[in-house]
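Worksheet: the structure to be examined is printed underneath.
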Amino acid sequence: MAAVVAVSLKRWFPATTLGGACLQACRGAQTAAATAPRIKKFAIYRWDPDKTGDKPHMQTYEIDLNNCGPMVLDALIKIKNEIDSTLTFRRSCREGICGSCAMNINGGNTLACTRRIDTNLDKVSKIYPLPHMYVIKDLVPDLSNFYAQYKSIEPYLKKKDESQEGKQQYLQSIEEREKLDGLYECILCACCSTSCPSYWWNGDKYLGPAVLMQAYRWMIDSRDDFTEERLAKLQDPFSLYRCHTIMNCTGTCPKGLNPGKAIAEIKKMMATYKEKKASA
């Protein structure tokens, strides 16, 4: 019996040794592959108005993806911290909540904090500020007009009887509350508005998809008493009706919302409002 066990051990041990060697070799190869530099190029829009004679241009940076987080914002922060401290961009939450880091990445408007880096090392990732906006510096667009338009729709609850304000809750049914889903989640990043050709050419008059979706959000809020007044403010030819349902807005929204549908609903409400007004 002992002889049989000895023979079995002799047969088993060399195989185990060989298997262990193979496993170590595989691990070594994986480690070598992991530590080999993975150099990714980023071409980033640069312009500094404080530099006399400076013109907009693209500047290329190289990042080793082995030493960088997975998101485009990680790469931008690494570039600013370790390579070029003059690179300027907005950022805050890093979780797709605040909308600060909205920019155009590889041809599409999105959030740098939620867009993963394209790991194809043969392709250069191109990063621009949001299109058709005045640029303050580098990747920072001037959102003054965008915020002024948002302010113009009075994006807050309005009551005609304010005698009970602060004294009681304004209740909603479950069904009434569900109407706001897909609207209130907007983070005002302006990705949708700056992807809209109508907003590119009429941004001074056309409110754009982001602002109109928020206008709709308050129009259908059962607690608000100023739906008709809100509609009346949008009757001119530009504020609402420059939307031609191109739907770039819906395609680019980083939160998966549908501004195009909201605008279509406003147009339907506007038709009903005008009929009611004409028959009055």
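The backbone N, Cα and C atoms fix where each Cβ goes, and this holds for glycine too.
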What does Swiss-Prot list, out of C113, C253, as binding the same [4Fe-4S] cluster as C186, C189, C192?
C253
For the recorded [3Fe-4S] cluster site, enumerate neighbouring residues of the same chain (Cβ within 8 Å of the Cβ centroid of C196, C243, C249, site residues themselves excluded), in sequence order.
C192, S193, S195, S198, Y199, G208, P209, L212, H244, T245, I246, M247, N248, P259, G260, I263
Beyond the flanks of the domain '4Fe-4S ferredoxin-type' (176-206) by at least 6 residues, Cβ under 8 Å
96-100, 102, 108-111, 130-133, 141, 143, 145-146, 150, 213-214, 216-217, 220-222, 236, 238-239, 242-244, 246, 248-255, 257-259, 262
Quick one: pull the CA-CA distance for K55 (N6-acetyllysine) versus C253 ([4Fe-4S] cluster binding site), whole Å only.
30
